[in-house]
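Here is what Swiss-Prot says about this protein:
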type    : residues                                                   : note
BINDING : 39, 45                                                     : NADP(+) binding site
BINDING : 130, 131, 132, 251, 252, 296, 311, 312, 313, 314, 315, 337 : FMN binding site
């Protein structure tokens, strides 16, 4: 399974093409749109979310509510594009129109300046448009397809925010994936501890009044993953490594950890390793899950627990100093639309990219042309694992 995304933030549409989804997977536009709505939600989101109401259109690969095995093409129309017809025109336009929204003041923390140097742009809008987090719309759409596939294989995934700008959220122990999903869905800030809800919302309001932004940490948990996805035989086949790449590829994500993560560096080995248990009913299990569901780069049957850290959104309403690329004079950075935080939405994107990588691994390990064969192969493997 592989995919590509295309489109600009203020262009006419966003597009994704997925190849390798088996035939026979039940799939509707609403399956995708539900996750797109979740991506646009969350406390603290701003003006763009009021303009766009993303809805996907299938243009290939799905017929009568099921995948056909052919490449799946999905489009999302950018409604805001009507205000940008000249600025984002594919055809050449008059110089006076080109300069109308030209960007020469790069924003610190964005791709603006480096992209301009790399691709030799005199208008940094070219960098801004493609590097925008608007691109994650299609990664969420691809992830929604992946999640439908995982659900057919009895795998469940959820995400929630565990740190808001330095404020850690207490997470009750032993919550199931379903419980995490339910609690986070009921929260405007995607946390599982409702007692902290108003405190976090008040904090976001204060950050907005200050013209500033905050980052934080989001966690994705996946249950029901078969044993042995990934491999230790080559570095690039380790599944946790592939997940790490996917997570830090998300806009503004700067780090990733599994299970205890960096805390493991402060503990003794006897306090980190997960003891192995066996029972006739459950087969092999672990006493703890400090390693986040991975051993040797492979899934061990425990829930996958992965966290990603997101830096504060770099677009500030009290902009930092920058330099004009034409005059080299100091200026305040360009201000585009921004939010005080996008952590709940970022969690949705992280859930999507994790689901996508897991779907890719499942299809690699249990190669099948249609859903029925895939389900049979996974069920057979689970029986083998239990009786090993």
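Yeah, the Cβs are placed from backbone N, Cα and C, and that goes for glycine too.
The separation of residue 45 (NADP(+) binding site) from residue 313 (FMN binding site), Cα to Cα, is 12 Å. Looking at residue 311 (FMN binding site) and residue 45 (NADP(+) binding site), their Cα atoms lie 16 Å from each other. For the pair formed by residue 132 (FMN binding site) and residue 39 (NADP(+) binding site), distance between Cα atoms is given as 14 Å, rounded to the nearest Å. Annotation for residue 39 (NADP(+) binding site): spatial neighbours 54, 136, 137, 140, 345, 348, 349, criterion Cβ-Cβ under 8 Å with sequence separation of six or more. Here residue 45 (NADP(+) binding site) is positioned 20 angstrom away from residue 130 (FMN binding site), judged by their C-alpha atoms.
Between the alpha carbons (Cα) of residue 252 (FMN binding site) and residue 45 (NADP(+) binding site) lies a span of roughly 16 Å. Residue 315 (FMN binding site) sits 13 Å from residue 45 (NADP(+) binding site), taking the CA atoms of both as reference points. Neighbour density at the Cβ, taken as the number of other Cβ atoms within 10 Å, is lowest among the binding-site residues 252, 313 for 252.
Classification of residue 39 (NADP(+) binding site) by DSSP places it within a helix. Every protein chain shown contributes to the tally, and the Cβ of residue 130 (FMN binding site) ends up with 18 other Cβ atoms within 10 Å.
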